[in-house]
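Feature annotation from TrEMBL assigns transmembrane segment to 29-50, 62-80, 100-119, 140-164, 192-215, 308-328, 348-371. Residues or ranges marked as domain 'G-protein coupled receptors family 1 profile' by TrEMBL: 42-368. For 278-300, the entry in TrEMBL reads region 'Disordered'.
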Amino acid sequence: MHGNLSESVLSVTLEDLNDEETAQRLAPIIYLSFLTLVGTPGNLLVIAVYTFTVKRRSTHRLFITALAVTDFLVCTVAVPFEIVQMTNQLTFYSEWACKIFRSINVLLALLSSFILIALSADRTRRVIQPLKLQMTIRQAIWCIFLITLVAFMFALPEAVISGISLENLENNLTGYDCSFSDRYKDKAYTTVYSSTLLAIYIGCIFALIVMYSIIGRQVLSHVHFRSTFIRQNGTDNHSTASTNKLDRNEIKLSLEETCDSIDIDEDESRSKQLSELKSSRESTMKCNTKSPDRRHCAMRQQNSSKKVTKIAFAISFCFILSYVPYVAVKLNASIASGHFISNSTTKAIFPILGRTFIINNIVNPIIYGFLDQKFRQKCKIIFRHLTCRM
């Protein structure tokens, strides 16, 4: 009896142990598979809509397209690699594949975060300082280029310190895990680099909170001003002074929103942007006459910017929610270093919590579908076109 047990123990291979590890990580594998199945067609649809069906260009659409391309690469490159890594937790032999794909994962995560920061910063300026010069298409392209360069520089160390980590297992077996290379595992480099990346993500979260707090305060001040003005002046439309004051207020608000809808091609100069602002001011003045439809005209001009601001806020809010569990897991891992209990439960839950930020890369098409009626219309056109060709 004892001899048979010893033979069965000795007959355990590395592949058998790897299969056990894979079975314990079945929940995160299903989770990642679902994300890539949902995110791939969704982001591809966003790219198609904003690239082929939208004629007018703007910085907002440019940032949205760049974000969709990044999210699409996350769903088609980064997430499949995570699945492969989980199914080869102890049998990942290719060091170069480990270095390349881990670096790509860091690059795409940083790129997605930085693009969202740039989009939100552009939105904040347009709301807070609507009458000043805004970012042009050319500047937005350069911004995305610089963002990509910075993200690449931060991801480059990942290619150096990543590699195959050898794990001593039972029966004198050795596992091959794609992680930090054994050459740097106990060095300060890995701790400093991981802490730097974590600080960047935390900084992005706080930056988004600050920017949208400023936008929210600005919106609340406008709402308070309008309600106070209406309460003080009532329905006295016979007072010319009151009418003029209301007109000026509506002009200011309409200009604020009209600036957001100005689309400037990359070859247009600052003087052209100023002329666009001047013409928008004149058109807004025409809207704010004593005709019965003046409020409707002003509201029509505001709707586009309100929609864009809501979309930007929703994207940023989902980014914050998706990164909070990831940051919490990383902080817990650094605090409880050496005291972490590894069992079947933690192997199933922590890989999911440590990858909740990927939700940020698949949820954006859903946000556009709910908040942007034109996006839904464009999607219907694309689906109708594809159906007709089948």
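From the backbone N, Cα and C atoms, a Cβ is placed for every residue, glycine too.
These figures come from a predicted structure and were not determined experimentally.
Contact between the transmembrane segment (140-164) and the transmembrane segment (62-80) is supported by 3 or more Cβ pairs under 8 Å, counting only residues 6 or more apart in sequence. Scored on C-beta pairs under 8 angstroms, the neighbour of the transmembrane segment (348-371) with the top count among 29-50, 62-80, 100-119 is 29-50. Long-range neighbours of the transmembrane segment (62-80) within the same chain, counting only residues 6 or more positions beyond its ends whose Cβ lies under 8 Å from a Cβ of the stretch, are 32, 35-36, 39-40, 43-44, 46-47, 50-51, 101, 104-105, 108-109, 111-112, 115-116, 118-119, 122, 137, 140-141, 144, 315, 358, 361-362, 364-365, 368. If you take every residue in the domain 'G-protein coupled receptors family 1 profile' (42-368) and average the pLDDT, you get 80.
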